[in-house]
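Listed features, source Swiss-Prot:
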ACT_SITE  201  active site, acyl-thioester intermediate
BINDING   98, 99, 100, 101, 102, 103, 104, 105, 170, 171, 172, 183, 184, 185  substrate binding site
DOMAIN    58-239  domain 'BPL/LPL catalytic'
SITE      167  site 'Lowers pKa of active site Cys'
């Protein structure tokens, strides 16, 4: 990745100025700030996104944080610790407040946290989840990888070939005061062995795969850029993410 790690200090988020808050007619797309956080420990992001969500106001811009974590297992609030099959794996386990069971984050995986005001965007939780899933499916399709949802199993799965049914992306959200945090992960090119020490997302024997194993040669940063564009387009209700204007993507390392 080209972006260096940054310190996350989420004091009260800044509200836009009065001129920026006046919506034109017809209304423009709601702004989204994208923060490229480099390699950042999971605990720092977890604490920061909760603090950001607690401090935000109705005028706070939505944000997407894009990050790569050192190795860590995370267990959702209703997760069963028995899904961690190897107690002495050497990889830390963090209990978190998102939905879902256990998953793994590590180098070579894109993690995108969506800090979104659902009420302002008039989104139901299920609609947000569907739009996130569609953004991931479109991202993978951009690299000639066919993928699909699976009923009753959040995330995105390989649709065809010898790895059909393998999980390539995970998703888990928390909604507090009408705003989301946590998000999704996409496996680009990573060491998949830590997934063997868990029942991924609570499913025994579920194969986990990455884009590189399926023949995709794109690097982490290229895929992350594609994913962010798809996510922003779908947050605005777009059906063709390729139409996203360049100026709509605000990037920040602050």
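A Cβ is built for glycine as well, from the same backbone N, Cα and C atoms used for every other residue.
The residue listed as 'active site, acyl-thioester intermediate' falls within a helix when secondary structure is assigned with DSSP. Mapped onto three states, the DSSP output places residue 98 (substrate binding site) in coil.
The domain 'BPL/LPL catalytic' (58-239) scores a mean pLDDT of 92 in the predicted structure. Counting only the Cα atoms, the space from residue 167 (site 'Lowers pKa of active site Cys') to residue 100 (substrate binding site) is about 14 angstrom. Geometry remark: the residue listed as 'active site, acyl-thioester intermediate' versus residue 98 (substrate binding site), CA distance 12 Å.
In sequence order, 74, 76, 77, 172, 173, 174, 182 are the residues of the chain that are 6 or more apart from residue 98 (substrate binding site) and have a CB within less than 8 Å of its CB. Over all protein chains present, the Cβ of residue 167 (site 'Lowers pKa of active site Cys') has 24 other Cβ atoms lying within 10 Å. Annotation for residue 102 (substrate binding site): spatial neighbours 73, 74, 75, 76, 79, 80, 83, 84, 198, 199, 200, 201, 202, criterion Cβ-Cβ under 8 Å with sequence separation of six or more. Around residue 104 (substrate binding site), the same-chain residues at least 6 positions away in sequence with a Cβ under 8 Å from its Cβ are 71, 72, 73, 91, 194, 195, 198, 200, 208. Between the farthest pair of Cα atoms in the substrate binding residues (98, 99, 100, 101, 102, 103, 104, 105, 170, 171, 172, 183, 184, 185), the distance is 16 Å.
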